[in-house]
Amino acid sequence: MNYDRILIRYGEISTKGRNRNKFVDKLRKSVRIALTPFPNIKIEASRDRMYVLLNGENGIEIIKKLKNIFGIQSFSPAIKVEREMESIKEASLTLVKSLYLEGQTFKVTAKRSDKTFDLNTDEINNAIGGHLLTNIAGIKVDVRNPDINLRVEVRKEAVYLSCETIKGAGGLPSESSGKAMLMLSGGIDSPVAGYMAMKRGLEIEAVHFFSPPFTSERAKEKVIDLSKKLAEMAGGSIKLHIVPFTDVQQAIREQVPENYTMTSTRRMMLRITDEIRKKQEGLAIITGESLGQVASQTLESMYAINEVTNTPILRPLISMDKTDIIKIASEIDTLEISNRPYEDCCTIFVPASPKTKPKREKVNQYESYFDFEPLIQEAVQEVETLVIKPDREPHSEFSELF
Ligand code: ATP
Ligand code: MG
């Protein structure tokens, strides 16, 4: 069957009242970017739905792309027909015949958004249903659990026929919720946290702490590869800020008692990320923390670490079990990269027994003997910012200017 358009349903976006136009524009932009390889398509968007007109482009490939776009609740490949019963019956027959397998059942579900149409929904259902029953040998009606559900939507401009409803990625359109910095390690959790934040419409920039020579180029490559996956989900590119963290870590090791180094390391990371956030004009920080997963993620730890900033810290995985996080990592195709064995800057100086219940007063006291601020500023100064695209070598933020 040759579908000539794909009908896209917005889902949650349609509850956004007066902001709706803004959301529809963002979604249209995401669809446009994802479908760049198909130059003949045309996008028509109205307040409550969107159509991609295929104009001869490959529907199957386009469906694959649409599945990954945030802000789409579901979509259906559809055929447009004139508002005239004979044409509707004929097109319905061709469509159902193209899908029908011996012994299958069907039902017709008509919907009228335009009540001026001559027939009501029951009458439409009966007319089309009767036409299919007389013209397809062996087909039967099953209104509860049909194999084929033919949807007939009567709208002002035309009638649309479709048989399939394909689930979309859900969430809100890309970049409709503002910008946040994602603290991206090479682990399993933080890329998943980034995915979940993007799904809610956040634009993200990744921040990675790197401690050469204790962490290798291979560890950096791993983070670049994870960022490529995130760039793909973002529908274009993302920025990755790589922070040289060795000097700060050495200072912590010299100044802070061993069982508090982990707490202090996290506090310094957060301070630096917050500085980068200010420069980049983001409004939040995202981490892959999950309550109780490791020593740094107890409530006491979070309380001690979070003290250094009052910027909102979003923790999309906070209440999730590791097995569920791994499941998502596998679905979004980051698991394999995260499982590569290279060391992370936090694993190289891991204390034998990190405090699981650190105290704010104590960590403040230990940090007060040394001025970390100049080292923090220096790290921020020396950040290397890369623009990451899914299928290209990363390049420095400034190389595009020349
Ligand atoms: P992940 O799987 O994301 O590495 P984790 O279970 O290993 O998480 P931690 O090592 O305690 O947990 O890290 C908690 C969070 O701190 C991470 O999810 C990430 O957001 C941030 N983080 C840890 N290490 C780094 C790093 N080297 N660079 C940037 N962020 C980091
Ligand atoms: Mg980690």
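All positions are counted from 1 along the displayed chain.
Placed from the backbone N, Cα and C atoms, the Cβ positions cover glycine too.
Keep in mind that what you see is a predicted model, and the values were worked out from it rather than measured.
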Study note, to complete from the structure: For the ATP site that TrEMBL gives as M183, L184, H208, F209, G288, Q297, the extra residue out of R155, R218, R266 is R266
Check your understanding: Where among the binding-site residues M183, L184 do you find the Cβ with the fewest other Cβ atoms within 10 Å?
Key -> M183
Revision key, fill the gap. Among binding-site residues M183, F209, R266, G288, close to ligand 1 by Cβ (under 6 Å) are M183, F209, G288
Study note, to complete from the structure: Under a three-state DSSP reduction, the secondary structure at R266 (ATP binding site) is helix
Review point. Of all the Cα pairs drawn from M183, L184, H208, F209, R266, G288, Q297, the residues the record ties to ATP, which distance is largest, in Å?
Key: 19
Point to revise | Arithmetic mean of per-residue pLDDT over the domain 'THUMP' (60-165) | key: 94
**Study point:** Secondary structure of H208 (ATP binding site) (DSSP, helix/strand/coil)
**Key:** strand
Practice item. Would you mind checking how many other C-beta atoms are within 10 angstroms of the C-beta on H208 (ATP binding site)? Key: 28
